[in-house]
Every structure is written in C-alpha cells, then in structure tokens.
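Below: the structure, in structure tokens.
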Amino acid sequence: MSSQPFTNKVIALTGSASGIGLETAKLLASRGARLSLADIQEDKLKELQAXXESEYHVDVITTKVDVRKFGEVEAWINKTIDNFGKLDGSANLAGVAPESIGLKGIVEQDLDEWEFVLGVNLTGTMNSLKAQLKVMANNGSIVNASSIRGLTGAAKNASYSSAKHGIIGLTRTAAKEVGGKGIRVNAICPGRISTPMLKTAENSIGLHLQPGSANYPPIALGRDGEAKEVAQLVAFLLSDESTYISGADISIDGGWRC
C-alpha cells in the first residue's frame, strides 16, 4: 500500500479539534489528504491547520460550525466544494456526553440537556449527512460516530444512548439510499477511549475508573483505547481498502461486548 493513500482526496471532518476527530485529522494529513475541518472550537482548529500544513504540506481549510444548525453545516460543505472542487469522503465525529450521564434516570431527565445531546450527536450527524450527500463524489465514503452505547442500553444514559442508537439507524438508511452510487456509509462504535470527553464525563460523576479496579468494565484487553487507535479504523473505512464494507456498525472496544 502507498504511504500516501489519500493523496488528492478531499475529506471533511466534524469534531476535528479534539479527541478522535483530532487524531483522525492528523492521520489523514500524514497520508496526503486535503482536509476541510469543522468544529465549534475555532482556535484549536487554527492550531491544527497550522501544524498539519507545516508538518505534512497538505491543503487544510477550517470552519467554525455548530452542527446542530443545518445552515452552518451546509455553508461549510459548500465552502469545501468551492475550495477543493469535490468531496471524496467525510467523518462525522462531533459529539458530546451529557453532564448527567450515570447520575440521572429517565424520570429525572433534564429536557434541555436531552435536546442539546440529541442536537449535537444525532441531529448534527443528520445535518452533516444531508449536506455531504448532496455533493459527495461517486464511490465516496462516510463514517459516522456511534458508540458501544449505540449497541447496548445502559441505565442513566438515556440521551446519549438514544442518540448513538439513532446514528446507527441513520447510517444504515443512508447506506441503502446511496449504495447505487458506490458511496459507502458506516458507523464506528467506540468503547472506553481516552479522550477529553471521557475525562469530562468521569469528572461529572466523580468516578475515575482504572484498569484492574473492581468497577472497571469487563474489557478483554484490560485497558482504555487511545484516540489514535480509533483514527486508524476511521481511515480504513474512508480508504479504498474497505470498498465492500457499507451499512456496518463496527465495534472498537477492546473486547468489551464480546
């Protein structure tokens, strides 16, 4: 395989400023991709752009986007086409976890928090798909971020789990709709990944799980995953090495669910 398998390919990413999105952007840049990066954190996007252009000598544009707002998402994708002339792939990785995760059940669910979590995670993915599929090149590829919580239920996790289940439904629907154009749509389902979002979630409940502790999940590999490891999966699904994979929800959880 070429060390630059994404040369001349244009890839759009949401959630690019931190965690899995950040590591995916860096990996794709190292493999020659031309990137259109979106996030709500504009300063961090600019830092990533400067680092990717300097280190990998690739073309990068950035846009501050609230994925809950379709107008902003569509304007970002139109900007991508204006700058690069095409869109070969996208990774919709923007996401948030609720402050009440692990603390409040459905009866106690704050509805403003519900709307925010569903808005970013589920509506944000829908908005991204809607804008991207209007312009996606034939034989393109899209990766959406679901979660282990999109595959299994968990108490006191209503908004996040519902959103992540919904993303799998969106992914399967999109795959059926655009398969005739050779466009593939898949979902990744990470487990415990060491990211700022995981740290924030654990801080909110005052519980920091450590491998080997009594309350650590039954993860076969006995550790948290790294964002770089998930980025490798995203890159594979965007690449020409996965051309017969579509409509899939792929776990990357260290053997948590097995």
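For all residues, glycine too, the Cβ spot is worked out from N, Cα and C.
Residues or ranges marked as active site, proton donor in Swiss-Prot: S146 (among others). Listed in sequence order, K164, H165, I167, I168, T171, A187, I188, C189, D249 are the same-chain residues six or more apart from S146 (active site, proton donor) with CB atoms under 8 A from its CB. In the three-state DSSP scheme, S146 (active site, proton donor) is classed as coil.
In the three-state DSSP scheme, Y160 (active site, proton donor) falls into the helix class. What Swiss-Prot lists as active site, proton donor is Y160 (among others), and the listing cites similarity to another entry.
Summarising the annotation, Swiss-Prot assigns active site, lowers pKa of active site Tyr to K164.
In three-state terms derived from DSSP, D66 (NADP(+) binding site) belongs to neither a helical nor a strand segment and is classed as coil. For D66 (NADP(+) binding site), the same-chain residues lying six or more positions away in sequence with a CB closer than 8 A to its CB are I40, E72. According to Swiss-Prot, the feature NADP(+) binding site maps to I20, D66, K130, Y160, K164, I193, T195.
The record assigns I20, D66, K130, Y160, K164, I193, T195 to the NADP(+) binding site, and the maximum Cα to Cα distance across that set is 28 Å.
The Cβ of I20 (NADP(+) binding site) has 29 neighbouring Cβ atoms from other residues within 10 Å, across all protein chains displayed. Annotated pair I20 (NADP(+) binding site) and Y160 (active site, proton donor), C-alpha to C-alpha distance, rounded: 17 Å. Secondary structure at I20 (NADP(+) binding site), as computed by DSSP, is helix.
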